[in-house]
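> Attaching a single structure in structure tokens format; questions to follow.
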Amino acid sequence: MTHLAVNVDHIATLRQARGVDYPDPVAGAVLAQLAGAHGIVAHLREDRRHIQDTDVVRLRAAARRFILEMAVTPEMEKIALSVKPDLVTLVPEKRKELTTEGGLNLARHGGPVAKTIETLHRNEIPVSLFIDPDPGQVRRSHDAGAMAVEIHTGAFCEAATEKIRQKEFDRIRKAVEVARNLGLIVNAGHGLCYTTIEWMVTLKEIDEFSIGHSIVSRAALVGMDRAVRDMLALIS
């Protein structure tokens, strides 16, 4: 059974836009869980543009399964060791990007990533790596000691033509196949919506989808409960 993890970052984005204390991403997380979400995701960015440190602590307490997305930095490593999420997903981070633009480049940054993985594993925190759908990056993830990968689906979701979308889908399919053959847990996310998910669910080897913006956007119109249930219906 493929699971759904709901990212609540953009509930916090709406809150931070006005500098108030609502809407509360923790309340959104609770509603998502009640609707059937299998996990809650939050990305604590270095610039704290949406999720804040206190959100992470409260989400850890409220979520049945909490996934922390974070950059490979000493500060974030310290926070992860304190909070002890159920899973850490290591992601690249650029200050000026609107959202994460690509996967980790393990050919360039494999050393620091492997060191962080070792530290977190030593403290019984499983680690996934957010990577582009590239077999080489999948193999490097395995070599670095990751137990899971999250395949970046952004290029597929943003494809301008059907031909490009099919090409990107084939890249994802190949990456998933390589990851499975290496014994990795395979997750996927970034840009997935109620339309693009229909392609992704044909890849039965994917263990979990991480979806945030499209669910939060739909929730603004129909409520979190229905938004999550509608996505779960498509996944199942």
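Just so it is clear, glycine is given a Cβ too, placed from its N, Cα and C backbone atoms.
Copying in the features that Swiss-Prot gives for the protein in this structure:
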ACT_SITE  His43  active site, proton acceptor
ACT_SITE  Glu69  active site, proton acceptor
ACT_SITE  His190  active site, proton donor
BINDING   Asn7, Arg18, Gly191, Gly212, His213  3-amino-2-oxopropyl phosphate binding site
BINDING   Asp9, His10, Arg45, His50, Thr99  1-deoxy-D-xylulose 5-phosphate binding site
SITE      Glu150  site 'Transition state stabilizer'
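Give me the structural setting of these features: burial, nearby parts and distances.
The local packing around His43 (active site, proton acceptor), expressed as other Cβ atoms within 10 Å of its Cβ over all shown chains, amounts to 24.
Annotation for Glu69 (active site, proton acceptor): same-chain Cβ neighbours under 8 Å, separated by at least 6 residues, are Asn7, Val41, Ala42, His43, Leu44, Val88, Thr89, Leu90, Val91, Phe130.
Using a 10 Å Cβ-Cβ cutoff, His190 (active site, proton donor) registers 25 neighbours.
Taking all protein chains in view, 16 other C-beta atoms sit within 10 angstroms of the C-beta of His213 (3-amino-2-oxopropyl phosphate binding site).
Other C-beta atoms found within 10 angstroms of the C-beta of Asp9 (1-deoxy-D-xylulose 5-phosphate binding site) number 21, with every protein chain shown included. A helical conformation is recorded for Asp9 (1-deoxy-D-xylulose 5-phosphate binding site) in the three-state DSSP classification.
For Glu150 (site 'Transition state stabilizer'), applying a Cβ distance below 8 Å and a minimum sequence separation of six or more within one chain yields Thr89, Ser128, Leu129, Phe130, Ile131, Asn187, Ala188, Gly189, Ser210.
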> Cα of Arg18 (3-amino-2-oxopropyl phosphate binding site) to Cα of Arg45 (1-deoxy-D-xylulose 5-phosphate binding site): how many Å, rounded?
19
> Out of His10, Arg18, Arg45, His50, which of the binding-site residues has the smallest number of neighbouring Cβ atoms within 10 Å?
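Each of the binding-site residues His10, Arg18, Arg45, His50 was scored; lowest Cβ tally within 10 Å is Arg18.
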> When neighbour density is defined as the number of other C-beta atoms within 10 angstroms of a residue's C-beta, which of the binding-site residues Gly191, Gly212 has the lowest density?
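Taking Gly191, Gly212 as the binding-site residues, the minimal 10 Å Cβ count falls on Gly191.
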